[in-house]
Amino acid sequence: MMISCKKLFVFRQLPAVRRCLAAAAFSTPRATSYRILSSAGSGSTRADAPQVRRLHTTRDLLAKDYYATLGVAKNANGKDIKKAYYQLAKKYHPDTNKEDPDAGRKFQEVSEAYEVLSDEQKRREYDTYGQTAENIGRQGGGFPGGGAGGFGPEGFSQSWQFRSSIDPEELFRKIFGEGNFRTNSFDDFADSKFGFGQAQEMVMDLTFAQAARGVNKDVNVNVVDQCPKCAGTKCEPGTKPGRCQYCNGTGFETVSTGPFVMRSTCRYCQGTRQHIKYPCSECEGKGRTVQRRKVTVPVPAGIENGQTVRMQVGSKELFVTFRVERSDYFRREGADVHTDAAISLAQAVLGGTVRVQGVYEDQWINVEPGTSSHHKIMLRGKGLKRVNAHGHGDHYVHVKITVPSAKKLDKKRLALIEAYAELEEDTPGQIHGIANRKDGSKQATAGASEEPGAGAAAKASAAAAGSGASKPGPGAEESEGKDQWTDNKKTKAKEGGGSGSGQGDGGGGGFISKIKSMFN
């Protein structure tokens, strides 16, 4: 059956035939040979090898299922397609997924799928032929499977693939605005020997005193500032920028996407309306560079470990996190501080005053008579300054009684302690070196007199003899032994036998006088 070329061209325009040809073109990859015969008037074929052209068809377009790329159904409306694109674009955007090396490729595929499916005409052509008319024309004319439109004059193979006419980044900005994503954080300044960008956060070490009282500390940080060479003009010194020829100085360009016409920022001058013929070599025509600056960081009084403050550095913000060193003296609980104060045994019994170190100045505290160990004294308003509120915290002083060691006491003090131990009442348990007598009294077991009740007197007499002091006579000791002393709870008469009745009155009188005589 012979069909002329003109009739064949008309025959190919029928929709049913076009669909069949398109289906045949996207069938299993194959290599088809075409034998070019001699003209009808020659009557015979050439004797040499026949001319053969091979056309390779592939499944590239079938592999790129744009509906599957966006994860939508084939009957999805424009709203669902846009929603799916927005979610996938955020997921695979290079600025938000820097760890995935394939993020850029996936973002490109998502953008391609959205550009086709969001346009009604391109979507209709894609549903019919598997590609758009724009790409068909880019491949050499003709629809898929139609004549020699799929291969060149010299005989070659080619695959059909989508070629976007709009940059994916530009498409994203057009749809969702300029402020959602910053595609390149270094677009408006150039890097330098100091780094690739401005410092956004840093950690500062502080002592406890610096954190408590506040301080101004100088640190060196990277900042983005005006280029020192071109003074922000972006041009080499001695030159000036000219008007952008691509947007005619308007700063905007018109982009046609099928039936829609969109006006966007000029991609050549980035909306500046100017064209820089001789850009500055220092800042690469960007007007700003990364520079090292000394910045004073005001540390607020009462700052805590791990807290972060925000401060303005140039045109950007710097977040400073403080790392406060632990103090060996102060213990912090929010705005309150706790310290320990050591007092002597005599101060604990008789009372007194002691000087303690404060947060801002030293403080004198009063120790009441009979203060026990670990007693807590509060100094109201003497703590740390509150950072997020008015006023100061409190300073709590924990009292600790310093007990002298028996090995470090001299004979006088040891004798006094042992004498007090013999007179002490309501002792929980037993004291080493002090024996309890049957009548309830106590007696020193080491170096004590054989007579009952003479332990304290013997201790005192030995200490007095060692220091050269005079020793009271026996008569005075006997008269002192006959004295009586009164307790708050009970009154007990002490009777001594001979020179060994040296208990005496514990609150005053003979025994106290005898003890004092050791130091006269």
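Positions of Cβ are set from backbone N, Cα and C atoms, glycine also.
Values in this document were obtained by computation on a predicted structure and should not be read as measured data.
Under the heading transit peptide, Swiss-Prot lists 1-62, citing sequence analysis as support.
Summarising the annotation, Swiss-Prot assigns omega-N-methylarginine to Arg30 and lists similarity to another entry as the type of evidence.
Marked as domain 'J' by Swiss-Prot: 65-130.
Under the heading N6-acetyllysine, Swiss-Prot lists Lys106. Secondary structure at Lys106 (N6-acetyllysine), taken from DSSP and collapsed to helix, strand or coil, is helix. The Cβ of Lys106 (N6-acetyllysine) has 18 other Cβ atoms within 10 Å, all protein chains considered.
Look at Swiss-Prot and you will find 227-234 (among others) tagged as repeat 'CXXCXGXG motif'. In this model, the repeat 'CXXCXGXG motif' (227-234) carries an average pLDDT of 86.
Taking the Cβ of Cys230 (Zn(2+) 1 binding site) as centre and 10 Å as the limit, one finds 23 other Cβ atoms among all the protein chains shown. As annotated by Swiss-Prot, Zn(2+) 1 binding site applies to Cys227, Cys230, Cys280, Cys283, with the evidence given as similarity to another entry.
The repeat 'CXXCXGXG motif' annotation in Swiss-Prot covers 244-251 (among others). Secondary structure of the repeat 'CXXCXGXG motif' (244-251) per DSSP, as helix, strand and coil residue counts: 0 helix, 0 strand, 8 coil.
The feature Zn(2+) 2 binding site is assigned by Swiss-Prot to Cys244, Cys247, Cys266, Cys269, with similarity to another entry given as support.
According to Swiss-Prot, the feature repeat 'CXXCXGXG motif' maps to 266-273 (among others).
The repeat 'CXXCXGXG motif' annotation in Swiss-Prot covers 280-287 (among others).
Taken from Swiss-Prot, the feature region 'Disordered' covers 430-520.
Annotated compositional bias 'Low complexity' per Swiss-Prot: 446-476, in sequence order.
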Exercise for review: Sort out the residues at least 6 away from either end of the repeat 'CXXCXGXG motif' (227-234), same chain, that have Cβ-Cβ distances under 8 Å to it, and list them.
Suggested key: 190, 240-241, 276, 279-283, 285-289, 291
Study note, to complete from the structure: Not counting Cys244, Cys247, Cys266, Cys269, residues with a CB within 8 A of the CB centroid of the Zn(2+) 2 site are Gln245, Tyr246, Asn248, Gly249, Thr250, Gly251, Phe252, Glu253, Arg267, Tyr268, Gln270, Gly271, Thr272, Arg273, Gln274, His275
Check your understanding: Out of Lys106, Cys244, Cys247, Cys269, which of these recorded positions is nearest Cys227 (Zn(2+) 1 binding site) by C-alpha distance?
Key -> Cys269
Exercise for review: Give the distance between the Cα atoms of Cys280 (Zn(2+) 1 binding site) and Lys106 (N6-acetyllysine), rounded to the nearest whole Å.
Suggested key: 36
Review point. Do you know offhand how many angstrom separate Cys266 (Zn(2+) 2 binding site) and Cys230 (Zn(2+) 1 binding site) by C-alpha?
Key: 24
